[in-house]
Amino acid sequence: MLSLLVWILTLSDTFSQGTQTRFSQEPADQTVVAGQRAVLPCVLLNYSGIVQWTKDGLALGMGQGLKAWPRYRVVGSADAGQYNLEITDAELSDDASYECQATEAALRSRRAKLTVLIPPEDTRIDGGPVILLQAGTPHNLTCRAFNAKPAATIIWFRDGTQQEGAVASTELLKDGKRETTVSQLLINPTDLDIGRVFTCRSMNEAIPSGKETSIELDVHHPPTVTLSIEPQTVQEGERVVFTCQATANPEILGYRWAKGGFLIEDAHESRYETNVDYSFFTEPVSCEVHNKVGSTNVSTLVNVHFAPRIVVDPKPTTTDIGSDVTLTCVWVGNPPLTLTWTKKDSNMVLSNSNQLLLKSVTQADAGTYTCRAIVPRIGVAEREVPLYVNGPPIISSEAVQYAVRGDGGKVECFIGSTPPPDRIAWAWKENFLEVGTLERYTVERTNSGSGVLSTLTINNVMEADFQTHYNCTAWNSFGPGTAIIQLEEREVLPVGIIAGATIGASILLIFFFIALVFFLYRRRKGSRKDVTLRKLDIKVETVNREPLTMHSDREDDTASVSTATRVMKAIYSSFKDDVDLKQDLRCDTIDTREEYEMKDPTNGYYNVRAHEDRPSSRAVLYADYRAPGPARFDGRPSSRLSHSSGYAQLNTYSRGPASDYGPEPTPPGPAAPAGTDTTSQLSYENYEKFNSHPFPGAAGYPTYRLGYPQAPPSGLERTPYEAYDPIGKYATATRFSYTSQHSDYGQRFQQRMQTHV
């Protein structure tokens, strides 16, 4: 019975649970992007009453259509217990907590949070789309993303490359739900950022791809300048061109040039040209370019090669014994110079730096030091600096001095050390004297820039003065200094010997100059003589052809005149400077003569009869056939081209007009030997200079030539000069005078040359 009761109770409880109202599906939290559709589910079991939705505790209404909320409605099948809330075009106002209620069953669902996401309304970079900046001035690029829910995240890009280091901040709007994000990116613009594009991208959950905006930079900057030199390395005094290349934004307004800080007035272009000196190595040349933003100044030094120049001159130094001394000497030169310190009259190098350090100096260190700078292949310069070392007096006079017996003598005591002596005293024999006169002795003191000189003057030097030692003692603040000086006698030569030697030397010098002039004259004269023909070994014999009747006593081989002439021209054609061929035309009564004078260029090498005797006259004269007439002396000097070397000699005639009487001609002397030389004279064409000794043409004198008489007159009467031997007497002694037997009176004078190889 009891068990049956338990079964009945259990069954009744199960039945009651099967018919109870409950939520089979409740609304849950949901997120939606603004503008999208959202559905909040609500499903009830075993309920057929009224269902309503609340928003943040506010009832939205009953039924499926919610007239107060046009975008809201309850959807689903009521028979199936579906009371879902649908929200279309979600807005920020829809962002709330929702609850489904079964009022008759007194049931409430759990609250569901609907979150509405809102993308940034706008993304903007302050100052865009083009931002003008100053180069070198830091600037913050600012990007703003407005009214986003949740707050937007901002990313920066520079020409597509993401940038780090931006700083972001958010600002909550008054609705308490949306936020504005501000991001700042710090940049330091340069002229290279001109045209650079910066992009700001903002994003949140509502728009994961994000929104972008970009700006472009326009950077104003002072001119960017490059200064160049051409050539880069020059010698002092050469020309250099400076070129100033510049870029700027905005445009360049002008150029200015300066050297060593001083403006160059006449330079206003981008190019400056000048001659450089050593100062361009130490004083820079600057180019300044300016625009509206500012100016840029660029400087440069020129690599000028120049000789050493002093920068710090060494100064004379005075110090005490035992002290340390530093001498300073600074030079500048290019290429880098070599510096040496030496002591005067010594080649030992003491230092190679700008400073010379001398430790614990003594008086021996006193003197002049030389600071020498050497720039290889450019130049050398030096400076001298004296060093004075204070100490006891040092007497630098000669230990032996000289004087002439009977004359005035001097004994000198010189102190060149520092400081100058306070006292100087002389002592000799029993005498002591500082200054003044004592008997024949006088002491004088003289101060000069190099030291102090004390002089002991002796009047009428005697033998005893040469036997005495002279003591010179000087004192200064450092102590005394002493020197012993010996006076010795100087031998003097008599004035007559000196004068005679001087005169003799002068005479010898004069004779030497005369001999030198004569030697040079003879050498110059000899150099103008013979010209050696350096040709083949050819022997040439010149044969004079004359009328047969005038030389009937001579016989020799003959040759064709035309052949000899051609050979002569062929051999002597290259020596036309040494062959003087002249033709004199002279009309005396009825005859016309041709005369030639020629210098033998072979110097007698081809003279095959040089051993024969020759007349003293070098002019070989030939008689021509002419009508009888009054004789006349025809004087002429020997030719300059007449030499003893065997030159061919041809006759010329004087053209001097007849005038007053003169002395009778002298017969020729005996024939001179072959080696005899006579004075060389010029070739003669006109001999008016012989007018001082003319012979009249109508005075009864026949015409004569030097050395040979004229043919007798037609009357066979001898003239006053017939005492001379016939012309044939000298025919064999005349050089190259070999007359053909076949010649006649009607033929003109010709020469014939025989050549032997």
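Using N, Cα and C of the backbone, Cβ positions are placed for all residues, glycine too.
Not measured: the values here are computed from a predicted model.
The signal peptide annotation in Swiss-Prot covers 1-16. The feature topological domain 'Extracellular' is assigned by Swiss-Prot to 17-499. Taken from Swiss-Prot, the feature domain 'Ig-like C2-type 1' applies to 21-115. Marked as disulfide bond by Swiss-Prot on the basis of sequence analysis: Cys42-Cys100, Cys143-Cys200, Cys244-Cys287, Cys329-Cys371, Cys413-Cys472. Per Swiss-Prot, the feature N-linked glycosylation site maps to Asn46, Asn140, Asn297, Asn471. Look at Swiss-Prot and you will find 120-216 tagged as domain 'Ig-like C2-type 2'. Sequence annotations record features per position, and here Swiss-Prot assigns domain 'Ig-like C2-type 3' to 223-299. The domain 'Ig-like C2-type 4' annotation in Swiss-Prot covers 308-387. According to Swiss-Prot, the feature domain 'Ig-like C2-type 5' maps to 392-488. Annotation comment: Swiss-Prot describes 521-757 as topological domain 'Cytoplasmic', evidence class sequence analysis. Annotation comment: Swiss-Prot describes Ser574 as phosphoserine, evidence class a large-scale study or a structure entry. Per Swiss-Prot, the feature phosphotyrosine maps to Tyr605, Tyr606, Tyr622, Tyr625, Tyr724.
A strand conformation is recorded for Asn471 (N-linked glycosylation site) in the three-state DSSP classification. Count of Cβ pairs under 8 Å against the domain 'Ig-like C2-type 3' (223-299): among 21-115, 308-387, 392-488, the largest is for 308-387. Neighbour counts of Cβ atoms within 10 Å were compared across the glycosylation sites Asn46, Asn471; the minimum falls on Asn46. Of the candidate recorded positions, Cys42, Asn471, Cys472, the one lying closest to Cys143 (disulfide bond) when CA atoms are compared is Cys42. Reduced to three states, the DSSP call for Cys371 (disulfide bond) is strand. Listed in sequence order, Phe23, Glu26, Pro27, Leu40, Cys42, Val51, Gln52, Trp53, Tyr83, Leu85, Arg108, Ser109 are the same-chain residues six or more apart from Cys100 (disulfide bond) with CB atoms under 8 A from its CB. The DSSP breakdown of the domain 'Ig-like C2-type 3' (223-299) into helical (H, G, I), extended (E, B) and coil residues amounts to 4 helix, 46 strand, 27 coil.
Just so you know, the Cβ of Cys143 (disulfide bond) picks up 28 other Cβ atoms within 10 Å once every protein chain is counted. In this view, the densest Cβ surroundings among the disulfide-bonded residues Cys42, Cys413 belong to Cys413, judged by other Cβ atoms lying within 10 Å. Over the domain 'Ig-like C2-type 1' (21-115), the average per-residue pLDDT in this prediction is 88.
You'll find the Cα of Cys413 (disulfide bond) roughly 9 Å from the Cα of Asn471 (N-linked glycosylation site).
Under 8 Å, Cβ to Cβ, and six or more positions away along its own chain, Cys472 (disulfide bond) finds Ile395, Ser397, Val411, Cys413, Ile424, Ala425, Trp426, Ser454, Leu456, Thr482, Ala483, Ile484, Ile485.
Residue environment of Cys329 (disulfide bond) contains 26 other Cβ atoms, counted within 10 Å of its Cβ in all protein chains.
Cys244 (disulfide bond) and Asn471 (N-linked glycosylation site) have their C-alpha atoms 78 Å apart, to the nearest angstrom.
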